[in-house]
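Before any comments, here is the structure.
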Amino acid sequence: MDDEGLDSGGNHTALLTTQEYWDHEPFSAFKDDKGDIYARGTQDMKSVTMQYLEAIRVLKARGFQPRRTVHLTMVPDEEIGGVTGMKEFVATDEWTRLNVACALDEGMANPGEQMTVFYGERHTWKVEVTCLGHTGHGSQFLPNTAGEKLRRVLDLFLTYRGEQERLLAAHPDWKLGDVTTVNLTIISGGVQQNVVPDKFHACFDCRVAQKTPPDEFEALVQGWCKQAGEGVTYQLTQKEDNPDLSPISPGHPWWAAFTAALTKLNVPVCPEIFPAGTDSRFIRRLGIPCYGFSPMNHTPILLHDHNERLNEEVFLRGIQLYVELIQSMTAVTA
């Protein structure tokens, strides 16, 4: 048992629900005639944690003795960025003593036959743009207003958004994680309806693709602000680059062990870049391979959504998959 261990990570941050938009009470785990279980967390990610536990129960009942230690970590605050959760945990002596060589974390449902495995994430940027301009009475044609500059900012950011959306549509084999998304999330400014404000703020959530160098994207932002006019500046309220990718080459021992387990059960695997953020990034930064995987194929993507649900057959098959994964990955000798 001296070999480095395998960590299976989970989080149990419960998201809010709006019950009026659900067909069934969101915390009742109601199962319909098709076997679909309705409940918050069925996809993200209470189901995965239960599957870990059930898989270990099955293996212990069989008398299985892993070559590597298997750790289960239940970590808080993933839904609010993991900064006070996994990020702090991996900096502790407790984490170091686990001696983790490879880790599993959450993934996402796949409506098709394949099961998606995530080996990296996009860069997460939050950009706040400030537009300064002349103020005065709302009855005038004031020159150089903040509102006019804001319009140019919105046009430039959202034009790029449209270009990336069309790029994704033009490449059927690409996934969302292969392009950059830019979304306007907040506009603020003004205090009175008949006064032209001297300042507007616009906030954008930007998820930058791995194939786009971060300095290249920042140069775009700088250029857009310059084009919008004098007095337009930006601030990166969050700049989290995630360059670390887990190996997916066929000859790599961890990836080979992962795919071998799924192949044994005739499960096709689709490796992707995760479009948002998970705790995996904190593990990858340590140089430890981490694969984001939730065994949910033939399942609509409904995490954080109304009527989040998971079919019981998909859930039960996921336990079987983890039984195979744990056996395969704890047998890695490299």
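From the backbone N, Cα and C atoms, a Cβ is placed for every residue, glycine too.
All annotation found in TrEMBL is predicted automatically rather than curated by experts.
Among the candidates His304, His306, the residue that TrEMBL names alongside Asp44, Glu79 for the Zn(2+) 2 site is His304. Looking at Asp44, Glu79, the binding-site residues in this record, the fewest other C-beta atoms within 10 angstroms of the C-beta turn up around Glu79. Around the Cβ of His304 (Zn(2+) 2 binding site), 13 further Cβ atoms fall within 10 Å across all displayed protein chains. The secondary structure of Glu79 (Zn(2+) 2 binding site), as reduced to three states from DSSP, is helical.
Residues in the domain 'Peptidase M20 dimerisation' (120-230) partition by DSSP class (helix H, G, I; strand E, B; coil) as 42 helix, 34 strand, 35 coil. Looking at Glu106 (Zn(2+) 1 binding site) and His304 (Zn(2+) 2 binding site), their Cα atoms lie 14 Å from each other. Mean predicted confidence for the domain 'Peptidase M20 dimerisation' (120-230): the pLDDT average there is 98.
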